[in-house]
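Peer 1: TrEMBL feature annotations, pasted as is:
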TRANSMEM  A:12-33  transmembrane segment
TRANSMEM  A:45-63  transmembrane segment
TRANSMEM  A:70-89  transmembrane segment
TRANSMEM  A:95-117  transmembrane segment
TRANSMEM  A:124-143  transmembrane segment
TRANSMEM  A:163-189  transmembrane segment
TRANSMEM  A:219-242  transmembrane segment
TRANSMEM  A:254-275  transmembrane segment
TRANSMEM  A:282-300  transmembrane segment
Amino acid sequence: MIKPSSRESAFAGRELGIVVALVAVVVAATIARPSFLSGQGIHDLFLNASIIGLLAIGQALLVITRNIDLSVGSVMGLTAYLSGQLFLVDKDLPVIVVVLAGIGLGAVCGAINGALVAIAKVPALVVTLGTLYVFRGIDYAWASATDTTQINAYQMPQGFLDLGSGSLLGIPNLTLITLVVLGLTAYALHNFRAGRELYAIGSNPDAARLAGIPTGRRVFSAFVISGGLVGLGGVMHAAYFGTINASVGTGRELAVVAAVVVGGVAIFGGSGTVLGAVLGALLLTTITSALPILGVPAFWQRAVDGAALLVAISLDRAFMVRLAERLRAERAVRRA
Amino acid sequence: MASCGGTTKGSEEAQGDGGGGTAREADPNAEIKEGLQIAFLPKEIDNPYEVLVDEGGIDAVEELKGEGKEVGPSDASASSQVSYINTLIQQRQDAIVIAANDPNAVAPALKDAMSKGIAVVTYDSDAAPDARQIFVNQADSEEIGRSQVKLMSDQIGGEGKIAILSATPNATNQNTWIKFMKDELTKPEYSKIELVKIAYGDDDDQKSFQEAQGLLQSIPDLKGIISPTTVGISAAARYISSSPYKGKVKLTGLGTPNQMRQFVKDGTVTEFALWNPIELGYLAGYAAASLASGKISGKEGEKFEAGKLGEYEIGKDGEIILGPPTNFNADNIDDFDF
């Protein structure tokens, strides 16, 4: 953080790269099928990326601090299931109560992860791999204890389903929620002291501690905030799909981590932005939508997804090497 | 095996296995024994569909004054059921009713169970035929495939472009049904219907949703989508219900009434089909109890009573077919709760 200006322009460069890739995919798909970029087409692209984008914001906060949360799929499943259960108890429950309950439960799950990581000092990879199974197990146990394996659209109020499928001024509600969260976290990360400290922790945890940064507390808070966002994502999933069972979100953690990495957040912490993570999510979901239109056979889609991830990481790596060289050169000039 | 007496190897094995030979000799007049212990082993314990099936099975066992229970793994991987089968053998259950995750992975354990006189019935998804006595099939694959085409044709007036939204590209059930759908479409009465694309949603909400979008976007004059998978049809219904395609593009397939109720009522979906999973389990429960009581042995042509469902006859390769799928629409959907 010696020369923030050069770093910031570097970040803009990385995000620009994702935007270029995104445009390339959209242009290719639009040439193949002009309706890809119709009003409905754009609406769908944003809608598809909204939930995964929201999860990517939370995940980016953690990855920036050199942590990771693999339990996001399970937390999302648990909170989606909670929203359904709440409506089974009382279908007239105000939607906001359910949203807050989902965020609350997500934050509690995040606090459990955070406490184990920050206080008990267990590596996040191991903690969240464990809670991935624990939270999913609770979800299953809850489903079988209440004998409610599936909660369906007709059991939820129309107002709640409208939250998932409706739009304001042509922008899907879910996209608006993600954009608001993105704006708030991007501002906080960039301008608040605590936000900057997350980068310091990720760059060098020991140095951060010696510099007087309360690393434990910051990491714990990042887990709680990320958990709350995942909880919100779970409620959004329930409103969006209208069918919930105990396996909602299974395997989602890898898609989220992929979005964050493609979005240019360094997996070893210390750099990256939440905007990049959201763009990464948008890029990956857009690729998924574009592949069938480009005529890629279904059997190959997964492989293409993975290849896209590898390309993104390679480009990112090449960029980082160049950046490191430039920083070294600048330092040499300063010393001379 | 037991059904085709010609294959000497199979019948030898059957006799060799039958240390408790009485279990293998069918006596149609035997009474169903009381207090039978029958275990249901689903693909995975929390799959909503399998839970319903097992509820039906346990009901059947209780009707017959036996003890039914459901045990099973929490993941549907090929080998995860084996340790459960071994435990059930040790517990000396009278019958094991299993939806096999993999036809071959469970075969050795099931053969071991049969050699110890335990009746083995598969339902929903079969094991290797020589590793079980009876397979209770939800419905004839051919009938499912063909009836889906009829459902769609009725809704689009017999002409136009249609697409299929399936599960994974290698899902056995769906691929068999699709094969029969394609065959049905070659009939003259469907000559004006064109199947333009098969998409795969991988039985994942998000993927199915996006594949449905892709179909609607890339085929502007699409008339209908057939989605022969419960995840696919509900994701597609959810998308169509909130898009401009509602009412213009017909959607049918296989789904549960509870899942589809909202979309039938709001006019997104006119009619879809499914067999009754509770009845599937119920039939499997009766088949298992009849086997364990020696009323039947799994040979072709044997008959048994299945409570409220009436009499069933065992077909080729020890297979019993539950019956044709039920069609659900606005008139009857509220009569069903599953």
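Placement of Cβ uses the backbone N, Cα and C atoms for every residue, glycine included.
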Peer 1: Could you check whether the transmembrane segment (A:163-189) and the transmembrane segment (A:254-275) come into contact, where contact means at least 3 Cβ pairs under 8 Å with the two residues of each pair 6 or more apart in sequence?
Peer 2: yes
Peer 1: Using Cβ atoms only, state whether the transmembrane segment (A:12-33) and the transmembrane segment (A:124-143) have three or more pairs under 8 Å that are 6 or more apart in sequence.
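Peer 2: They are not in contact.
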Peer 1: Take the C-beta pairs under 8 A between the transmembrane segment (A:219-242) and each of A:45-63, A:95-117, A:124-143, A:254-275, A:282-300. Which stretch has the highest count?
Peer 2: A:95-117
Peer 1: As a test: from A:95-117, A:124-143, A:254-275, A:282-300, pick the stretch that has the greatest number of Cβ pairs under 8 Å with the transmembrane segment (A:45-63).
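Peer 2: Top-ranked stretch among A:95-117, A:124-143, A:254-275, A:282-300: A:254-275.
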